[in-house]
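Asks: Provided herewith is a single structure, encoded as structure tokens, for subsequent inquiry.
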């Protein structure tokens, strides 16, 4: 009979075990977090304030920016605190809450990227009916269903994990709370939890990924076979390239972490990959969309130019 422990808290890993490097990592991740807040906050603001950007494409982009702010805020503030602390503890309730919101926002992003690809498919392949199909009511409905579905999908993971008994060391082999490192500390049979993580999470992420690829496949096929205009082809592919770069940045690390089977040697690799999708990707998203999108750049100049003009007078 294994010794079941009543868990009040878990101890998290630091990003580095070298004390001299902790201030360096703190400054680096603080800068990354601030860039994320400013970049995604600016996109969210211009999507709301600029009437020319009140379209389905930018509605979903605003959702993505809001999501990226929340996504990195789930993990990075605690990571920054732990880099300055000698005791890196997180309460049991705090750990389960962090796990829940991490999976909630991750699932939302996967489905949201699929919706953005579908929006581009309708805009490019059926432009005459675009405003009819992608009407405001449908866009709000799709976004709401995405957020609600992802919330309850993540709730399944958090409830199933919270019900486990823990009888091993309470030192979590990760710098934030996630299902896989928590299952390593659990006693008893965790096959159902592993199955839910692999099958359900895999189905949601790979299903959304397949729909995203399908949309881009139809777009490319339509443009190559039915549209002879080089200018229209270049403009459409340029728009899709931004979306596809974000898709690759998101699904690459997620697939590496959750789709492959867990192993004892994989946790250190998972930690490295987790830095990419929890900290780096949310920062790159606004850069990709603004640098490659003339409408967003013009709206930024217009809004901030107007603000600077008012401040100077």
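Any Cβ shown, glycine's included, is placed from N, Cα and C.
Pulled these features from TrEMBL for this protein:
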DOMAIN    39-289  domain 'G-protein coupled receptors family 1 profile'
TRANSMEM  24-49  transmembrane segment
TRANSMEM  58-80  transmembrane segment
TRANSMEM  100-118  transmembrane segment
TRANSMEM  138-156  transmembrane segment
TRANSMEM  195-225  transmembrane segment
TRANSMEM  237-259  transmembrane segment
TRANSMEM  271-291  transmembrane segment
Asks: Which of 24-49, 58-80, 100-118, 138-156 has the most Cβ pairs closer than 8 Å to the transmembrane segment (195-225)?
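Replies: By the under-8 Å Cβ criterion, the transmembrane segment (195-225) pairs most with 100-118.
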Asks: Thinking of Cβ pairs under 8 Å, which stretch from 24-49, 100-118, 138-156 has the most of them with the transmembrane segment (58-80)?
Replies: 24-49
Asks: Under 8 Å between C-beta atoms and at least six residues away from its ends: which parts of the chain pack against the transmembrane segment (24-49)?
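Replies: Counting only partners 6 or more residues beyond its ends, the transmembrane segment (24-49) has Cβ contacts under 8 Å with 15-16, 58-59, 61-62, 65-66, 68-69, 72, 76-77, 79-80, 83-84, 279-280, 282-283, 285-287, 289-290, 296, 299-300, 303.
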Asks: What parts of the chain pack near the transmembrane segment (100-118), using Cβ distances under 8 Å and only residues at least 6 beyond its ends?
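Replies: Answer is 57, 60-61, 63-64, 67-68, 70-71, 74-75, 142-143, 146-147, 149-151, 153-155, 157-158, 176-179, 201, 204-205, 208-209, 211-212, 215-216, 243, 246-247, 250-251, 254, 277-278.
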Asks: Could you pull the average pLDDT for the domain 'G-protein coupled receptors family 1 profile' (39-289)?
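Replies: A mean pLDDT of 83 is what the predicted model shows over the domain 'G-protein coupled receptors family 1 profile' (39-289).
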